[in-house]
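Visitor: Not my notes, these are from TrEMBL:
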REPEAT    14-54  repeat 'WD'
REPEAT    84-106  repeat 'WD'
REPEAT    145-176  repeat 'WD'
REPEAT    184-217  repeat 'WD'
REPEAT    224-255  repeat 'WD'
DOMAIN    359-455  domain 'PFU'
(Lines of atoms letter the chains of each structure in order from A and count residues from 1; the text may use other names and numbers.)
(Lines give C-alpha, C1' and ligand atoms only; values in the text may rest on other atoms or scores of the structure.)
Protein backbone atom coordinates (compact mmCIF):
# COMPACT_ATOMS: atom_id res chain seq x y z
CA UNK A 1 0.00 0.00 0.00
CA UNK A 2 1.48 3.33 -1.05
CA UNK A 3 1.04 6.17 1.42
CA UNK A 4 1.43 9.83 0.50
CA UNK A 5 3.92 11.20 3.01
CA UNK A 6 6.67 13.86 3.05
CA UNK A 7 9.72 12.76 5.05
CA UNK A 8 10.91 14.69 8.06
CA UNK A 9 14.41 16.16 8.08
CA UNK A 10 16.47 17.81 10.81
CA UNK A 11 15.66 21.50 11.22
CA UNK A 12 17.59 22.54 14.33
CA UNK A 13 19.35 21.24 17.44
CA UNK A 14 18.73 22.92 20.78
CA UNK A 15 21.82 22.57 22.96
CA UNK A 16 21.92 23.55 26.61
CA UNK A 17 20.89 20.67 28.83
CA UNK A 18 23.82 19.04 30.63
CA UNK A 19 22.19 15.61 30.92
CA UNK A 20 19.34 13.61 29.35
CA UNK A 21 16.57 15.76 27.89
CA UNK A 22 13.51 14.02 29.32
CA UNK A 23 10.25 15.91 28.72
CA UNK A 24 8.76 18.30 26.16
CA UNK A 25 5.94 20.80 26.55
CA UNK A 26 4.68 22.69 23.52
CA UNK A 27 3.57 26.11 24.73
CA UNK A 28 1.22 27.09 21.90
CA UNK A 29 3.12 29.49 19.63
CA UNK A 30 5.02 31.02 22.54
CA UNK A 31 7.84 28.48 22.68
CA UNK A 32 8.95 25.05 23.87
CA UNK A 33 9.73 23.97 27.42
CA UNK A 34 12.01 20.98 28.05
CA UNK A 35 12.95 19.09 31.23
CA UNK A 36 16.08 17.17 32.04
CA UNK A 37 18.02 14.98 34.39
CA UNK A 38 20.19 18.06 34.97
CA UNK A 39 17.37 19.27 37.30
CA UNK A 40 16.44 22.20 35.06
CA UNK A 41 13.57 23.28 32.85
CA UNK A 42 14.59 25.30 29.81
CA UNK A 43 12.31 27.55 27.82
CA UNK A 44 13.10 28.07 24.13
CA UNK A 45 11.62 30.73 21.83
CA UNK A 46 11.53 30.78 18.05
CA UNK A 47 13.97 33.09 16.27
CA UNK A 48 11.65 35.41 14.38
CA UNK A 49 14.39 36.28 11.86
CA UNK A 50 14.44 32.85 10.23
CA UNK A 51 11.48 30.97 11.76
CA UNK A 52 13.72 27.92 12.14
CA UNK A 53 16.16 28.27 15.03
CA UNK A 54 15.21 28.43 18.69
CA UNK A 55 16.91 30.56 21.35
CA UNK A 56 17.26 29.63 25.02
CA UNK A 57 15.09 32.22 26.77
CA UNK A 58 14.96 31.09 30.40
CA UNK A 59 16.40 28.42 32.71
CA UNK A 60 14.05 27.49 35.56
CA UNK A 61 15.92 26.31 38.66
CA UNK A 62 14.20 24.83 41.71
CA UNK A 63 13.95 21.06 41.51
CA UNK A 64 16.52 19.09 43.53
CA UNK A 65 16.40 16.00 41.33
CA UNK A 66 15.65 15.22 37.70
CA UNK A 67 12.59 16.83 36.15
CA UNK A 68 10.02 14.89 34.13
CA UNK A 69 6.47 15.93 33.17
CA UNK A 70 5.59 19.48 32.14
CA UNK A 71 2.34 21.32 31.47
CA UNK A 72 1.64 24.72 29.88
CA UNK A 73 -0.48 27.36 31.61
CA UNK A 74 -1.95 29.64 28.96
CA UNK A 75 -1.57 33.41 29.48
CA UNK A 76 -4.10 34.90 31.91
CA UNK A 77 -4.27 37.64 34.56
CA UNK A 78 -2.01 35.70 36.92
CA UNK A 79 0.39 34.56 34.16
CA UNK A 80 0.49 37.35 31.53
CA UNK A 81 3.15 35.47 29.50
CA UNK A 82 1.99 32.00 30.48
CA UNK A 83 3.35 29.57 33.03
CA UNK A 84 4.85 26.11 33.41
CA UNK A 85 3.95 23.32 35.84
CA UNK A 86 6.66 20.71 36.42
CA UNK A 87 7.01 17.45 38.33
CA UNK A 88 10.19 15.76 39.50
CA UNK A 89 11.90 12.86 41.15
CA UNK A 90 12.01 15.07 44.27
CA UNK A 91 8.23 14.39 44.68
CA UNK A 92 7.40 18.08 44.12
CA UNK A 93 5.05 19.84 41.72
CA UNK A 94 6.32 23.36 40.99
CA UNK A 95 4.49 26.22 39.28
CA UNK A 96 6.54 28.80 37.36
CA UNK A 97 5.83 32.32 36.11
CA UNK A 98 7.50 32.87 32.74
CA UNK A 99 7.64 36.66 33.21
CA UNK A 100 10.21 36.29 36.00
CA UNK A 101 11.32 32.69 35.54
CA UNK A 102 10.66 32.17 39.26
CA UNK A 103 8.65 29.42 40.94
CA UNK A 104 5.54 30.83 42.61
CA UNK A 105 4.08 27.63 44.09
CA UNK A 106 5.56 24.47 45.58
CA UNK A 107 3.00 21.69 45.87
CA UNK A 108 4.00 19.04 48.41
CA UNK A 109 2.09 15.83 49.00
CA UNK A 110 3.32 13.01 46.79
CA UNK A 111 5.52 10.44 48.54
CA UNK A 112 7.44 9.36 45.44
CA UNK A 113 8.40 10.63 41.98
CA UNK A 114 5.84 12.75 40.11
CA UNK A 115 5.21 11.14 36.72
CA UNK A 116 2.36 13.08 35.12
CA UNK A 117 0.67 16.49 35.12
CA UNK A 118 -2.58 17.61 33.53
CA UNK A 119 -4.45 20.91 33.79
CA UNK A 120 -8.18 20.73 34.43
CA UNK A 121 -9.42 24.29 34.14
CA UNK A 122 -7.45 26.20 36.77
CA UNK A 123 -6.80 22.98 38.74
CA UNK A 124 -3.56 21.01 38.53
CA UNK A 125 -3.83 17.21 38.56
CA UNK A 126 -0.70 15.16 39.21
CA UNK A 127 0.19 11.47 39.27
CA UNK A 128 3.01 9.61 40.93
CA UNK A 129 4.83 6.35 41.47
CA UNK A 130 3.05 6.41 44.87
CA UNK A 131 -0.09 5.22 42.98
CA UNK A 132 -2.08 8.36 43.82
CA UNK A 133 -3.78 11.01 41.76
CA UNK A 134 -3.90 14.44 43.45
CA UNK A 135 -5.83 17.56 42.57
CA UNK A 136 -4.46 20.99 43.50
CA UNK A 137 -6.37 24.27 43.57
CA UNK A 138 -4.81 27.67 44.32
CA UNK A 139 -1.72 26.01 45.76
CA UNK A 140 -3.61 23.59 48.03
CA UNK A 141 -4.40 19.89 47.67
CA UNK A 142 -8.17 19.41 47.47
CA UNK A 143 -8.42 15.76 46.42
CA UNK A 144 -6.37 12.58 46.59
CA UNK A 145 -7.15 8.98 45.71
CA UNK A 146 -5.39 5.74 44.90
CA UNK A 147 -6.06 5.44 41.19
CA UNK A 148 -4.09 2.24 40.51
CA UNK A 149 -2.52 -0.55 42.56
CA UNK A 150 0.86 0.07 40.89
CA UNK A 151 2.84 3.16 39.88
CA UNK A 152 0.95 5.64 37.72
CA UNK A 153 3.14 6.67 34.78
CA UNK A 154 1.04 9.10 32.73
CA UNK A 155 -2.10 11.24 32.69
CA UNK A 156 -4.00 13.26 30.07
CA UNK A 157 -7.19 15.29 30.06
CA UNK A 158 -9.67 14.65 27.27
CA UNK A 159 -11.41 17.53 25.45
CA UNK A 160 -14.65 16.33 27.06
CA UNK A 161 -13.16 16.81 30.54
CA UNK A 162 -12.47 13.25 31.66
CA UNK A 163 -9.01 12.18 32.81
CA UNK A 164 -7.12 9.10 31.59
CA UNK A 165 -4.28 7.46 33.52
CA UNK A 166 -1.76 4.79 32.50
CA UNK A 167 0.02 2.56 34.97
CA UNK A 168 2.61 -0.12 35.63
CA UNK A 169 -0.37 -2.42 36.30
CA UNK A 170 -0.68 -2.55 32.47
CA UNK A 171 -4.08 -0.80 32.40
CA UNK A 172 -5.51 2.55 31.35
CA UNK A 173 -8.33 4.01 33.41
CA UNK A 174 -10.89 6.62 32.37
CA UNK A 175 -12.00 8.90 35.22
CA UNK A 176 -15.03 11.10 35.69
CA UNK A 177 -14.36 12.90 38.91
CA UNK A 178 -13.00 10.28 41.31
CA UNK A 179 -15.00 7.48 39.64
CA UNK A 180 -13.37 5.07 37.22
CA UNK A 181 -15.85 4.61 34.38
CA UNK A 182 -13.70 2.44 32.08
CA UNK A 183 -10.65 0.20 32.41
CA UNK A 184 -8.66 -0.58 29.25
CA UNK A 185 -7.02 -4.02 29.13
CA UNK A 186 -4.59 -5.35 26.52
CA UNK A 187 -1.06 -4.13 27.09
CA UNK A 188 1.32 -6.75 28.48
CA UNK A 189 3.68 -4.33 30.27
CA UNK A 190 3.84 -0.88 31.85
CA UNK A 191 1.94 1.92 30.09
CA UNK A 192 4.32 4.86 29.85
CA UNK A 193 2.72 7.46 27.56
CA UNK A 194 -0.76 8.71 26.63
CA UNK A 195 -2.17 11.10 24.05
CA UNK A 196 -5.48 12.20 22.58
CA UNK A 197 -6.11 11.04 19.01
CA UNK A 198 -8.38 13.78 17.62
CA UNK A 199 -11.81 12.48 16.69
CA UNK A 200 -11.00 8.85 17.48
CA UNK A 201 -9.96 8.20 21.06
CA UNK A 202 -6.84 7.56 23.14
CA UNK A 203 -3.30 6.52 22.23
CA UNK A 204 -1.12 4.57 24.66
CA UNK A 205 2.60 3.72 24.56
CA UNK A 206 3.99 0.79 26.50
CA UNK A 207 7.08 -1.03 27.69
CA UNK A 208 5.72 -3.96 25.64
CA UNK A 209 6.97 -2.12 22.52
CA UNK A 210 3.55 -1.28 21.10
CA UNK A 211 1.35 1.77 20.57
CA UNK A 212 -2.39 1.21 20.80
CA UNK A 213 -5.41 3.27 19.74
CA UNK A 214 -8.57 2.87 21.85
CA UNK A 215 -12.13 4.17 21.71
CA UNK A 216 -13.44 5.75 24.91
CA UNK A 217 -15.56 2.63 25.42
CA UNK A 218 -12.40 0.51 25.70
CA UNK A 219 -12.42 -1.04 22.22
CA UNK A 220 -9.01 -1.54 20.65
CA UNK A 221 -9.03 0.04 17.20
CA UNK A 222 -5.40 -0.41 16.21
CA UNK A 223 -2.06 -1.74 17.42
CA UNK A 224 1.16 -0.32 15.99
CA UNK A 225 4.25 -2.51 16.35
CA UNK A 226 7.70 -1.60 15.11
CA UNK A 227 9.83 -0.46 18.01
CA UNK A 228 12.29 -3.02 19.37
CA UNK A 229 12.29 -1.75 22.96
CA UNK A 230 10.32 0.30 25.50
CA UNK A 231 8.08 2.98 23.96
CA UNK A 232 8.20 6.03 26.24
CA UNK A 233 5.85 8.49 24.58
CA UNK A 234 3.25 8.98 21.88
CA UNK A 235 1.63 12.06 20.37
CA UNK A 236 -0.85 12.81 17.58
CA UNK A 237 -1.37 15.67 15.12
CA UNK A 238 -4.56 16.99 13.60
CA UNK A 239 -3.29 15.70 10.22
CA UNK A 240 -3.69 12.14 11.49
CA UNK A 241 0.05 11.50 11.92
CA UNK A 242 1.32 9.84 15.10
CA UNK A 243 4.84 10.04 16.53
CA UNK A 244 6.36 7.71 19.14
CA UNK A 245 9.69 7.65 20.97
CA UNK A 246 11.61 4.71 22.32
CA UNK A 247 14.56 3.24 24.15
CA UNK A 248 15.58 1.76 20.78
CA UNK A 249 16.93 5.22 19.77
CA UNK A 250 14.21 5.87 17.19
CA UNK A 251 11.34 8.28 16.85
CA UNK A 252 8.81 6.64 14.57
CA UNK A 253 6.11 8.37 12.52
CA UNK A 254 2.90 6.48 11.80
CA UNK A 255 0.11 7.04 9.32
CA UNK A 256 -3.01 4.87 9.16
CA UNK A 257 -1.31 2.37 11.46
CA UNK A 258 1.78 2.03 9.26
CA UNK A 259 5.25 3.24 10.20
CA UNK A 260 6.16 5.66 7.41
CA UNK A 261 9.48 6.92 8.81
CA UNK A 262 12.00 6.00 11.50
CA UNK A 263 14.30 8.79 12.71
CA UNK A 264 17.41 7.43 14.38
CA UNK A 265 18.98 9.35 17.28
CA UNK A 266 22.35 9.11 19.04
CA UNK A 267 20.70 7.82 22.21
CA UNK A 268 17.41 6.94 23.84
CA UNK A 269 14.51 9.12 22.70
CA UNK A 270 12.62 10.00 25.89
CA UNK A 271 9.88 12.14 24.39
CA UNK A 272 8.44 13.35 21.08
CA UNK A 273 5.78 15.98 20.46
CA UNK A 274 4.15 17.65 17.47
CA UNK A 275 4.18 21.41 17.07
CA UNK A 276 0.94 22.92 15.74
CA UNK A 277 2.55 23.40 12.30
CA UNK A 278 3.32 19.68 12.07
CA UNK A 279 7.02 19.89 12.97
CA UNK A 280 8.23 17.36 15.54
CA UNK A 281 10.29 17.96 18.69
CA UNK A 282 12.36 15.11 20.20
CA UNK A 283 14.21 14.87 23.53
CA UNK A 284 17.25 12.60 23.57
CA UNK A 285 19.51 11.07 26.21
CA UNK A 286 22.46 12.97 24.70
CA UNK A 287 20.91 16.14 26.19
CA UNK A 288 19.98 17.65 22.83
CA UNK A 289 16.45 18.67 21.83
CA UNK A 290 15.86 18.44 18.09
CA UNK A 291 13.28 19.91 15.73
CA UNK A 292 12.27 17.94 12.61
CA UNK A 293 10.38 19.38 9.63
CA UNK A 294 8.91 18.51 6.25
CA UNK A 295 9.36 22.09 4.99
CA UNK A 296 12.37 22.33 2.70
CA UNK A 297 13.03 25.96 3.58
CA UNK A 298 13.39 25.06 7.27
CA UNK A 299 15.82 22.16 6.86
CA UNK A 300 19.12 22.64 8.71
CA UNK A 301 22.15 23.83 6.74
CA UNK A 302 24.88 21.44 5.57
CA UNK A 303 27.09 22.11 8.59
CA UNK A 304 24.35 21.18 11.05
CA UNK A 305 23.34 18.11 9.03
CA UNK A 306 26.97 16.94 8.95
CA UNK A 307 27.23 17.54 12.70
CA UNK A 308 24.19 15.34 13.36
CA UNK A 309 25.45 12.62 11.02
CA UNK A 310 28.74 12.63 12.91
CA UNK A 311 26.96 12.39 16.29
CA UNK A 312 24.94 9.45 15.04
CA UNK A 313 27.95 7.66 13.57
CA UNK A 314 29.99 8.10 16.75
CA UNK A 315 27.15 6.80 18.90
CA UNK A 316 26.56 3.75 16.72
CA UNK A 317 30.30 3.11 16.66
CA UNK A 318 30.46 3.24 20.46
CA UNK A 319 27.73 0.59 20.73
CA UNK A 320 28.76 -1.74 17.93
CA UNK A 321 30.88 -4.83 18.51
CA UNK A 322 32.66 -6.90 15.89
CA UNK A 323 34.23 -10.22 16.68
CA UNK A 324 33.65 -9.54 20.36
CA UNK A 325 35.52 -6.19 20.19
CA UNK A 326 34.08 -2.71 20.50
CA UNK A 327 34.19 -1.03 17.12
CA UNK A 328 35.43 2.25 18.59
CA UNK A 329 38.47 0.46 20.04
CA UNK A 330 39.64 -0.76 16.62
CA UNK A 331 42.42 1.16 14.83
CA UNK A 332 41.62 3.11 11.69
CA UNK A 333 42.93 2.55 8.17
CA UNK A 334 46.21 4.23 9.15
CA UNK A 335 47.13 0.96 10.91
CA UNK A 336 47.62 -0.57 7.44
CA UNK A 337 50.59 1.74 6.91
CA UNK A 338 52.58 -0.51 9.24
CA UNK A 339 54.00 -3.60 7.54
CA UNK A 340 53.15 -7.05 8.83
CA UNK A 341 55.74 -9.38 10.32
CA UNK A 342 54.71 -12.75 8.93
CA UNK A 343 52.76 -14.33 6.05
CA UNK A 344 49.04 -14.49 6.81
CA UNK A 345 49.17 -12.19 9.82
CA UNK A 346 45.70 -10.70 10.28
CA UNK A 347 44.66 -7.26 11.38
CA UNK A 348 41.14 -5.87 11.98
CA UNK A 349 40.62 -2.15 11.32
CA UNK A 350 37.66 0.19 11.45
CA UNK A 351 36.19 1.32 8.13
CA UNK A 352 33.20 3.58 8.69
CA UNK A 353 30.73 1.67 10.84
CA UNK A 354 32.28 -1.75 10.14
CA UNK A 355 35.26 -3.82 11.20
CA UNK A 356 37.25 -5.19 8.24
CA UNK A 357 39.90 -7.92 8.38
CA UNK A 358 43.15 -7.81 6.36
CA UNK A 359 45.85 -10.44 5.85
CA UNK A 360 49.56 -9.65 5.34
CA UNK A 361 50.91 -10.72 1.94
CA UNK A 362 54.62 -11.18 2.56
CA UNK A 363 55.65 -11.62 -1.09
CA UNK A 364 53.89 -8.44 -2.25
CA UNK A 365 54.46 -6.57 1.01
CA UNK A 366 50.87 -5.40 1.32
CA UNK A 367 47.69 -6.00 3.27
CA UNK A 368 45.05 -8.02 1.37
CA UNK A 369 41.44 -7.38 2.31
CA UNK A 370 39.69 -10.49 3.63
CA UNK A 371 36.27 -9.06 4.38
CA UNK A 372 33.95 -7.60 6.98
CA UNK A 373 34.13 -9.09 10.47
CA UNK A 374 30.87 -10.16 12.07
CA UNK A 375 30.14 -11.84 15.38
CA UNK A 376 30.17 -15.59 15.12
CA UNK A 377 27.32 -17.83 16.30
CA UNK A 378 29.08 -18.48 19.61
CA UNK A 379 29.78 -14.83 20.44
CA UNK A 380 26.30 -14.08 21.71
CA UNK A 381 26.39 -17.18 23.91
CA UNK A 382 29.37 -15.82 25.82
CA UNK A 383 27.57 -12.67 26.94
CA UNK A 384 23.85 -11.94 27.26
CA UNK A 385 22.44 -9.34 24.89
CA UNK A 386 19.85 -6.68 25.74
CA UNK A 387 18.50 -4.27 23.09
CA UNK A 388 21.29 -5.30 20.73
CA UNK A 389 24.09 -4.63 23.24
CA UNK A 390 26.21 -7.33 24.91
CA UNK A 391 26.72 -7.19 28.67
CA UNK A 392 28.62 -9.33 31.15
CA UNK A 393 25.37 -9.82 33.07
CA UNK A 394 21.67 -9.25 32.46
CA UNK A 395 19.66 -9.80 35.64
CA UNK A 396 15.93 -10.52 35.66
CA UNK A 397 14.22 -8.37 38.29
CA UNK A 398 10.83 -9.33 39.68
CA UNK A 399 9.35 -6.57 41.86
CA UNK A 400 6.26 -8.58 42.72
CA UNK A 401 2.59 -7.60 42.73
CA UNK A 402 2.11 -9.30 39.37
CA UNK A 403 4.27 -6.77 37.57
CA UNK A 404 6.33 -7.89 34.56
CA UNK A 405 9.95 -8.99 34.81
CA UNK A 406 12.44 -6.15 34.23
CA UNK A 407 15.97 -6.40 32.87
CA UNK A 408 18.99 -4.97 34.71
CA UNK A 409 22.14 -4.99 32.51
CA UNK A 410 25.61 -4.64 34.01
CA UNK A 411 29.27 -4.99 33.03
CA UNK A 412 32.10 -5.90 35.40
CA UNK A 413 33.82 -2.62 34.57
CA UNK A 414 30.75 -0.51 35.40
CA UNK A 415 30.47 1.50 38.60
CA UNK A 416 27.63 -0.29 40.45
CA UNK A 417 26.35 2.98 41.89
CA UNK A 418 25.95 4.47 38.42
CA UNK A 419 24.27 1.29 37.19
CA UNK A 420 21.79 1.30 40.09
CA UNK A 421 20.95 5.01 39.70
CA UNK A 422 20.41 4.87 35.94
CA UNK A 423 18.35 1.70 36.14
CA UNK A 424 16.06 3.02 38.89
CA UNK A 425 15.49 6.24 36.94
CA UNK A 426 14.82 4.38 33.71
CA UNK A 427 12.31 2.08 35.43
CA UNK A 428 10.72 4.94 37.41
CA UNK A 429 11.49 3.23 40.72
CA UNK A 430 12.33 4.99 44.01
CA UNK A 431 16.01 5.82 44.54
CA UNK A 432 15.62 4.58 48.13
CA UNK A 433 16.08 1.07 46.66
CA UNK A 434 19.58 1.99 45.51
CA UNK A 435 21.50 0.45 48.40
CA UNK A 436 20.00 -3.02 48.03
CA UNK A 437 20.56 -3.04 44.28
CA UNK A 438 24.20 -1.97 44.67
CA UNK A 439 24.81 -4.72 47.21
CA UNK A 440 23.23 -7.29 44.90
CA UNK A 441 25.37 -6.17 41.96
CA UNK A 442 28.55 -6.31 44.06
CA UNK A 443 27.76 -9.79 45.37
CA UNK A 444 26.83 -11.26 42.01
CA UNK A 445 29.50 -9.73 39.79
CA UNK A 446 32.43 -10.74 41.97
CA UNK A 447 33.23 -7.16 43.06
CA UNK A 448 33.46 -8.00 46.76
CA UNK A 449 36.52 -5.81 47.19
CA UNK A 450 35.04 -2.80 45.42
CA UNK A 451 36.03 0.42 47.20
CA UNK A 452 33.62 3.34 46.82
CA UNK A 453 34.96 6.82 46.20
CA UNK A 454 34.87 8.56 49.63
CA UNK A 455 34.17 11.90 47.93
CA UNK A 456 31.09 10.51 46.15
CA UNK A 457 27.80 12.34 46.69
CA UNK A 458 24.56 11.00 45.31
CA UNK A 459 23.37 13.62 42.78
CA UNK A 460 19.79 13.08 43.91
CA UNK A 461 20.03 12.63 47.70
CA UNK A 462 23.36 14.25 48.53
CA UNK A 463 24.37 11.21 50.59
CA UNK A 464 27.72 9.46 50.40
CA UNK A 465 28.27 6.18 48.57
CA UNK A 466 26.59 3.14 50.05
CA UNK A 467 28.97 0.61 51.60
CA UNK A 468 27.76 -3.01 51.63
CA UNK A 469 27.12 -4.17 55.17
CA UNK A 470 26.66 -0.64 56.49
CA UNK A 471 23.30 0.34 58.03
CA UNK A 472 20.68 1.43 55.51
CA UNK A 473 19.83 5.12 55.41
CA UNK A 474 16.55 4.70 53.56
CA UNK A 475 13.51 5.82 55.48
CA UNK A 476 10.72 4.83 53.13
CA UNK A 477 7.88 2.65 54.36
CA UNK A 478 7.37 0.96 51.01
CA UNK A 479 7.71 -2.79 50.91
CA UNK A 480 8.68 -4.27 47.55
CA UNK A 481 9.99 -7.75 46.82
CA UNK A 482 12.90 -7.80 44.40
CA UNK A 483 13.72 -11.24 43.06
CA UNK A 484 16.94 -11.27 41.04
CA UNK A 485 18.36 -14.05 38.92
CA UNK A 486 20.95 -14.12 36.18
CA UNK A 487 20.08 -14.45 32.53
CA UNK A 488 19.83 -17.78 30.73
CA UNK A 489 23.63 -18.01 30.67
CA UNK A 490 23.60 -18.87 34.38
CA UNK A 491 21.36 -20.70 36.82
CA UNK A 492 22.33 -18.49 39.76
CA UNK A 493 19.29 -17.26 41.68
CA UNK A 494 19.05 -14.74 44.50
CA UNK A 495 16.16 -13.14 46.34
CA UNK A 496 16.28 -9.98 48.43
CA UNK A 497 13.42 -8.17 50.12
CA UNK A 498 13.42 -4.38 50.28
CA UNK A 499 11.45 -2.95 53.17
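For all residues, glycine too, the Cβ spot is worked out from N, Cα and C.
Just so you know, TrEMBL annotations never went through curation; they're auto-generated.
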Visitor: Mind checking which residues reach the repeat 'WD' (184-217)? Cβ under 8 Å, same chain, six or more beyond either end.
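Guide: That would be 151, 153-156, 158-159, 162, 164-168, 170-174, 223-225, 227-236, 238, 242, 244, 246, 254, 257, 403-404.
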Visitor: Using DSSP, how many residues in the repeat 'WD' (224-255) fall into helix, strand and coil?
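Guide: The repeat 'WD' (224-255) comes out at 0 helix, 19 strand, 13 coil.
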Visitor: Counting by DSSP, what is the helix, strand and coil composition of the repeat 'WD' (145-176)?
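Guide: The breakdown for the repeat 'WD' (145-176) reads 0 helix, 18 strand, 14 coil.
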Visitor: Could you tell me the mean pLDDT over the domain 'PFU' (359-455), as a whole number?
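Guide: Summing pLDDT over the domain 'PFU' (359-455) and dividing by its length gives 73.
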